[in-house]
Amino acid sequence: PPAPRSAQPSSPPRAVPPPQGRRRGDGRRVVRAAGAVAMGNISSNISAFQSLHIVMLGLDSAGKTTVLYRLKFNEFVNTVPTIGFNTEKIRLSNGTAKGISCHFWDVGGQEKLRPLWKSYSRCTDGIIYVVDSVDVDRLEEAKTELHKVTKFAENQGTPLLVIANKQDLPKSLPVAEIEKQLALHELTPSTTYHIQPACAIIGEGLTEGMDKLYEMILKRRKSLKQKKKR
């Protein structure tokens, strides 16, 4: 496969105006149950001509770009640190979300690039936050940055998928411990989240994670539509 594309962070994606009521919280709904959830006919939920906007965030070396190109090519791609961002349009090929087109923005995680996260994540359909399950010393830093993102006014209620990456390594922390150290239960009340154990190199857990994110996006859209009718 071709090498990952990188670009400088000077031109963040143009934000698409959110649906009416986008910024209103719809209450906390934590999703942890395993297994796919029946969504019915995909075409009745997300138009075949519509692409979901998904932003991928996390500290440097967490494995964001590896996740991105595993989703695109369904194979391991040797990557280099992202200086700026990578962007790919991907039609998901597995799971409940099979056939759904997603426009992914993989934003560099170096400290100097994190102020740009706000620009890339505003008005997005979903946020993927990748965490290195082995790098225990940086979990507090990962927690701080995650909570900053979810507190942005534009991100209130935006579905969040936390990928606990590198679960294949012997010293990786259990998902329950990562969830505790990231204080996911302390996220803003409107934040719907799911934490997914994964290994991006072999792709384990990514289909399940994307299914959960898709499920949360659909639920949020349904909730916003109902509020609009009131």
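Cβ coordinates come from backbone N, Cα and C, glycine included.
Remember, TrEMBL labels are computer predictions, not curated facts.
Here is what TrEMBL records for this protein:
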type	residues	note
BINDING	GLY58, LEU59, ASP60, SER61, ALA62, GLY63, LYS64, THR65, GLY109, ASN165, LYS166, GLN167, ASP168	GTP binding site
BINDING	THR65, THR82	Mg(2+) binding site
COMPBIAS	1-20	compositional bias 'Pro residues'
REGION	1-27	region 'Disordered'
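Put simply, THR82 (Mg(2+) binding site) is 8 Å from GLY109 (GTP binding site) when counted between their Cα atoms. In this structure, the C-alpha atom of THR65 (Mg(2+) binding site) lies 17 angstrom from that of ASP168 (GTP binding site). Cβ-based neighbour count (10 Å, all protein chains) for LYS64 (GTP binding site) stands at 26. Classification of THR65 (Mg(2+) binding site) by DSSP places it within a helix. Separation of the C-alpha atoms of ASP60 (GTP binding site) and THR82 (Mg(2+) binding site): 8 Å, rounded to the nearest whole number. The binding-site residues near THR82 (Mg(2+) binding site), taking a 10 angstroms Cα-Cα threshold over the set GLY58, ALA62, LYS64, are LYS64.
Here the binding residues for GTP are GLY58, LEU59, ASP60, SER61, ALA62, GLY63, LYS64, THR65, GLY109, ASN165, LYS166, GLN167, ASP168. Their largest Cα to Cα distance works out to 22 Å.
With the fewest other Cβ atoms inside 10 Å of its Cβ, the least crowded of the binding-site residues GLY58, GLY109, LYS166, ASP168 in this structure is ASP168.
Taking the Cβ of ALA62 (GTP binding site) as reference, residues of its chain lying under 8 Å away and at least six apart in sequence are, in sequence order, GLY109, VAL130, VAL131, ASP132, ASP135, ALA142, ASN165. If you draw a 10 Å sphere around the CB of THR65 (Mg(2+) binding site), it holds 24 other CB atoms from the protein chains shown. Cβ contacts within 10 Å of THR82 (Mg(2+) binding site), excluding its own Cβ and spanning all protein chains shown: 22.
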